[in-house]
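Structure first, then comments.
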Amino acid sequence: MKWHEVSISTKEENEEQFSIFLNTIAKGVSIEHSVDILKAKTEDFDEKFRLNPKDYPDSDIRILVYFDETYNIDEQLDKIKKFIEETPLAEKEEIEINTGIIDEMDWENEWKKYFHNFKVGRNFLIVPSWEYADVDIADSDKVIKIDPGMAFGTGDHATTSLCLTFLEDIIKPDDKVIDVGTGSGILSIGAYLLGARDIKATDIDELSLQVSKENFALNDCGKDIAVMPADLLKDETENYDVIVANILAHIIDDMIDDAYKLLNNNGRFIASGIIVEKRDDIIAHMKQAGFSITDVLEEEGWVAISALKVA
Ligand SMILES: C[S@@+](CC[C@H](N)C(=O)[O-])C[C@H]1O[C@@H](n2cnc3c(N)ncnc32)[C@H](O)[C@@H]1O
């Protein structure tokens with residue numbers, strides 16, 4: 001099947017608003033950060049960059065939006081333009097939109113060009129499953145094999161790596177953990193490698209649940225991680241030592257009170273996916289719920305918060 005690809009180049013500050021809106025109208029949305037594109041360009045002399053330099057911004061982000069061929073692309077472009085007109089966005093006049101047609105296989109595999117093994121935190125080594133046989137592994141490496149497919153969570157997005165960094169510091173052997181919005185399952189696998197044993201991975205997205213199960217099997221922890229559909233912590237009844245969630249700020253906001261209720265004393269809520277502009281509101285709500293904020297990390301405009309429940 002052929003696909004319409006719409007590419008939108010814009011400031012990184014606009015990422016959250018665009019991604020929320022575009023996910024409601026398109027079949028697929030992928031966000032490329034200029035740092036990653038430039039890394040790929042210098043590491044691989046990326047062919048695509050040389051073919052289409054104008055598609056690649058020197059700074060900020062490029063959002064790729066996909067509609068299958070049954071869509072009327074002009075109508076979709078009108079919706080995008082209306083959204084831009086009606087939404088307060090940074091440097092609107094600089095937003096650039098291009099369109100093209102591609103084969104399905106292209107966009108399902110496109111991101112693989114940019115995904116190679118890399119280190120996160122002190123000891124995590126993230127390895128794309130298709131590279132595993134060729135990677136040198138040190139004794140100290142905690143290897144997460146991953147094939148995210150179309151789910152979120154290769155580990156190289158700041159929101160994910162900040163969570164892994166926090167998990168490295170806080171997980172204790174046999175901790176009971178819930179990973180809300182598991183995506184590819186990467187955070188649950190990280191928690192497992194750090195010694196957590198009673199782990200639940202949830203998501204509202206069916207595809208993510210399927211992909212995470214595949215990744216748990218790939219990392220030989222399928223038996224130790226329960227996977228289930230759930231909307232945040234709304235129907236959760238068990239108690240946990242660690243709750244980790246990398247979702248957007250307004251969604252994190254909806255789960256703060258439930259997280260506090262469900263955590264054991266001295267338990268931690270690791271919350272990520274928060275743009276820097278929303279940090280203070282989220283921290284204020286966490287404190288109001290009863291949490292002590294012990295650490296806040298920031299990278300590429302994203303914030304992750306480590307909140308402690310003390311009785
Ligand atoms: C940014 S991804 C994070 C994936 C992975 N945990 C990581 O850190 O890379 C957010 C995930 O949250 C899921 N999600 C969004 N809203 C949710 C909700 N209300 N309840 C549970 N999961 C949700 C999405 O489907 C997506 O898989």
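Heads up, the Cβ atoms here are built off N, Cα and C, so glycines get one too.
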### Message
Of the residues Asp139, Asp141, Asp203, only one is listed by TrEMBL in the S-adenosyl-L-methionine site with Thr160, Gly181, Asn246. Which is it?
### Response
Asp203
### Task
Which residue among the binding-site residues Thr160, Asn246 has the fewest other Cβ atoms within 10 Å of its Cβ, if you could check?
Thr160
